[in-house]
Amino acid sequence: MEKFPLKGANNLSTSSTVVGNHPLSGDHPTYQAVGRNKTTGSPINERGFINTTSLSVASDDEMIDITPNNVSNPNYQYHLSSNGSGGSGSREDGVGASSSVGGSTGSIGGGGAGLHAGGGGGSDNGGVRTTPTHHASRFGRDFHSDHEGISFSGMTDTSDDIPGIGQYEDFHTIDWQRDIARDRMRHRYIVKKRQDSLWDLIKGAHDASSGWVCVLLVGLFTGCVAGVIDIGASWMTDLKFGICPQAFWLNREQCCWSSNETSFVSGNCSQWYTWAEILTSSREGVGAYIISYFFYIAWALLFALLAASLVRMFAPYACGSGIPEIKTILSGFIIRSYLGKWTLIIKSVGLMLAVSTGLSLGKEGPMVHIASCIGNILSYLFPKYGRNEAKKREIISAAAAAGVSVAFGAPIGGVLFSLEEVSYYFPLKTLWRSFFCALIAAFILRSINPFGNEHSVLFYVEYNKPWIFFELVPFIGLGIMGGCIATLFIKANLWWCRFRKHSKLGQYPVTEVLVVTFITAVIAYPNHYTRMNTSELIYLLFSQCGISNRDYLCDYNRNFTDVNSAIEIAAAGPGVYKAIWLLTLALAMKLVMTIFTFGMKVPCGLFIPSLALGAIMGRIVGIGMEQLAYHYPKIWIFSGECSTGDDCITPGLYAMVGAAAVLGGVTRMTVSLVVIMFELTGGVRYIVPLMAAAMASKWVGDALGRQGIYDAHIALNGYPFLDSKDEFQHTTLAADVMQPKRNETLSVITQDSMTVDDIETLLKETEHNGYPVVVSKENQYLVGFVLRRDLNLAIANARRLIDGIAGQSPVIFTSAQPVQNLGPSPLKLKKILDMAPITVTDQTPMETVVDMFRKLGLRQTLVTHNGRLLGVITKKDVLRHVKQMDNEDPNTVLFN
């Protein structure tokens with residue numbers, strides 16, 4: 001190192017984490033081994049291996065200059081070399097080219113991980129090595145003038161030079177490492193520029209606050225859209241039963257506000273006219289029932305036809321829940337238009353129509369999709385987020401929290417739902433912004449007050465009686481029953497969705513929606529509990545029976561002499577037994593219809609139907625426990641608490657616990673579920689029963705079936721999603737999974753010996769998303785990695801703009817000055833080369849590789865042996881391998 005010191009090394013400062021020994025330190029073995037062949041000027045190692053490519057090194061007393069240079073274009077973050085070494089417009093070498101010591105590599109590189117030291121001399125111990133770039137040029141530099149750190153080749157935003165580079169195709173995985181590194185460099189540049197002028201200071205302040213401004217706007221818009229959807233859905237739902245002639249835009253509840261009557265028959269006041277009353281002037285009788293039945297079915301079919309037709313014609317992505325796709329998108333997958341403006345509009349309108357049909361679906365899951373659409377659209381107002389896919393996902397995570405917040409009026413539950421169920425990458429600042437976004441959205445919705453009551457929560461409960469310790473037994477029993485019902489639902493729904501996908505039924509989505517709507521309406525109308533809005537049913541089941549409640553459920557033999565006294569425990573009357581019978585039928589009908597409804601081509605959520613199933617089950621069990629306490633108040637399990645005559649058992653609490661059990665079994669949520677449930681109801685003192693039921697439900701669900709409904713639908717659709725909750729328990733190695741297999745040829749690009757025609761032929765003959773760049777065909781030491789899209793764009797751009805580029809033009813990925821000849825001009829593509837690709841050795845356990853793909857969000861990793869390139873492992877290869885090891889069909893992974 002005495003012969004070859006580092007000029008300006010003392011000025012180098014970086015905030016990155018150092019892994020292993022610092023590669024620039026004087027005692028680093030890789031750098032000690034570097035010498036210089038005095039005759040050729042090529043780097044030579046101690047074993048006498050001379051790199052084959054000629055170099056053009058600007059001599060400065062034989063020192064390597066690693067000091068930052070000035071930059072002429074402040075909008076471009078990296079230094080463009082104009083000296084003889086790099087040629088016009090090409091970037092100088094990124095620090096990341098390493099010296100070759102046998103098989104040893106040392107590099108400063110890595111996407112978002114900072115400075116990495118390379119592995120030791122050609123070890124086969126399965127260690128993970130970043131960037132074994134046996135590059136034949138000098139130790140270059142890729143500095144921004146105002147960065148006190150290192151920026152890396154391939155981690156650059158070259159969109160100023162070649163439009164579209166750094167972006168992604170549809171159905172492709174994003175490169176988290178590159179995007180996060182790009183944002184970090186942009187941020188460093190802005191921070192440094194703040195000191196230059198007042199305008200730069202303002203721009204820096206705007207950049208720093210843009211994340212908070214963006215989530216503020218997302219919260220505002222989400223609250224407004226949710227208010228409109230709630231008002232529209234409640235009006236259209238009541239339209240199936242009748243109309244308010246004085247003001248047709250009012251729903252039944254609002255219409256009756258102006259009435260002076262004290263009681264309404266079956267919820268109708270004289271201001272509200274049923275369709276039978278408009279046509280026959282009668283509310284009762286067979287004729288009135290038939291007319292009401294007919295209008296109920298006709299309106300349901302009309303709403304279903306409109307919803308399905310809108311989805312089919314304008315926004316096919318607006319169907320379903322949206323949460324499986326949001327999970328996949330947040331894991332780093334690109335689905336263009338899934339979060340676009342047409343999807344937002346059609347999903348919002350279609351959701352109002354679908355909820356109004358009376359189908360067994362909810363609006364909570366689609367609200368997450370709608371909020372994510374709003375987050376995606378508004379992120380384009382801020383280039384920091386709009387032009388960086390990894391950063392954009394921070395906004396979408398916050399938007400998902402706002403979606404649950406407005407769906408249930410549960411802001412804290414929304415944040416936890418985003419963290420536990422939806423988000424893949426959730427740093428602490430995203431947690432704070434999600435909390436702020438959910439708060440703003442809930443505040444706006446509360447200001448609009450679409451339900452016209454004083455509570456911002458959906459199913460506020462007014463009881464707060466303590467529960468008896470023994471009741472934990474039936475609560476856990478409800479959890480077990482909920483897990484069983486949820487597993488039955490998931491397996492049946494998956495079977496039906498698979499059948500729909502592979503049969504002719506999938507070709508007639510509108511017809512399917514109309515048939516299911518017709519059957520649902522015909523079955524639902526005769527039963528009082530299935531005819532009513534599902535949210536009303538859940539509220540009724542959660543409620544305590546009081547003096548004013550005239551439902552069958554509250555037909556107890558009570559004598560209300562004193563309004564202020566505690567409600568006495570009493571025997572159930574005939575109405576309660578009739579209600580139990582009707583609720584049992586409703587449970588069976590709703591379970592069957594939800595199986596066929598979820599996955600149809602209309603916006604449909606799963607939260608409300610799951611809560612309804614659980615609430616029905618829980619209320620029936622609660623009534624049973626209540627009657628047991630009435631008839632046997634002295635037995636030890638009630639601890640004497642029921643012997644005083646008070647109503648010591650609360651059936652509504654059992655409904656609440658049952659609802660949590662089924663929803664937890666269907667979605668496999670735990671923490672966020674409990675928080676959503678007590679926010680939904682205001683029943684804070686019932687957290688322990690909810691927790692017991694949620695855990696029991698999850699355990700039973702996991703024992704009977706591995707996946708929740710969202711993960712199952714991700715697998716069904718073949719989305720490339722690596723679940724961080726799953727464990728990889730097999731003993732395979734990277735060499736078993738990489739492509740191509742041993743003794744097969746690998747498609748590579750050489751750094752300086754291929755022409756434009758050669759590369760275009762390679763692009764036509766192969767379909768890979770990227771290609772490793774090596775020193776030469778014979779000497780396959782890794783130089784870097786280049787993406788197919790970037791190659792296509794760069795070649796097309798060069799043919800259009802640069803004179804002298806022809807099919808025989810050599811393509812060069814180095815900064816070395818090519819030997820002058822009379823041939824066509826060379827095409828220099830160094831700037832699109834990622835010189836810091838993540839690499840592993842062929843002996844790395846697949847458990848480690850899978851962990852890297854999950855935690856670093858990789859698109860691919862390169863496999864080396866003694867520094868020589870062997871193959872590539874892509875995310876698709878990992879997913880297929882995981883499925884193969886689990887004895888599933890690997891061909892179900894559709895995209896990469």
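Using the three backbone atoms N, Cα and C, a Cβ is placed for every residue, glycine included.
Just so you know, TrEMBL annotations are computer predictions that nobody has curated.
Positions annotated as compositional bias 'Polar residues' by TrEMBL: 10-19 (among others).
Taken from TrEMBL, the feature compositional bias 'Polar residues' covers 70-80 (among others).
Under the heading compositional bias 'Gly residues', TrEMBL lists 103-125.
According to TrEMBL, the feature domain 'CBS' maps to 738-801 (among others).
If you look up TrEMBL, you'll see 833-890 (among others) marked as domain 'CBS'.
Per TrEMBL, the feature region 'Disordered' maps to 1-48 (among others).
Taken from TrEMBL, the feature region 'Disordered' covers 70-140 (among others).
TrEMBL lists 210-233 (among others) with the feature transmembrane segment. Outside the transmembrane segment (210-233), and at least 6 residues removed from its termini, the chain residues within Cβ reach (under 8 Å) are 348, 351-352, 355-356, 363, 367, 370-371, 374-375, 378-379, 381-382, 384-385, 394-395, 398-399, 402-403, 405-407, 429, 433-434, 436-445, 447-448, 450-451.
The transmembrane segment annotation in TrEMBL covers 286-308 (among others).
According to TrEMBL, the transmembrane segment annotation covers 342-361 (among others). Sequence-distant contacts of the transmembrane segment (342-361) (same chain, six or more residues past either end, CB-CB distance under 8 Å): 225, 228-229, 232-233, 236-237, 239-240, 296, 299-301, 303-304, 306-307, 310-311, 314-315, 317-318, 322, 367, 369-370, 373-374, 377, 516-517, 520-521, 524, 531, 534, 590, 593-594, 597-598, 602-606, 608-609, 612.
Annotated transmembrane segment per TrEMBL: 367-383 (among others), in sequence order.
Taken from TrEMBL, the feature transmembrane segment covers 395-419 (among others).
If you look up TrEMBL, you'll see 468-490 (among others) marked as transmembrane segment.
What TrEMBL records for 505-525 (among others) is transmembrane segment.
As annotated by TrEMBL, transmembrane segment applies to 579-600 (among others).
Per TrEMBL, the feature transmembrane segment maps to 606-625 (among others).
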Per-state residue totals over the domain 'CBS' (833-890) - DSSP helix, strand, coil: 23 helix, 19 strand, 16 coil
Contact call for the transmembrane segment (505-525) and the transmembrane segment (286-308): at least 3 Cβ pairs under 8 Å, seq gap 6+: yes
Cβ-Cβ under 8 Å with the transmembrane segment (579-600): same-chain residues at least 6 beyond its ends: 308, 319-321, 359-361, 485, 488-489, 492-493, 496-497, 500, 509, 512-513, 516, 519-520, 523-524, 527-530, 537, 551-553, 555, 606, 609-610, 612-613, 616-617, 619-620, 623, 709, 713
Same-chain residues at least 6 beyond the ends of the transmembrane segment (468-490) whose Cβ lies under 8 Å from its Cβ atoms: 591, 594-595, 610, 613-614, 617-618, 621, 625, 637-639, 641, 648-649, 654, 657-658, 660-666, 688-689, 692-701, 703-705, 707-709, 712
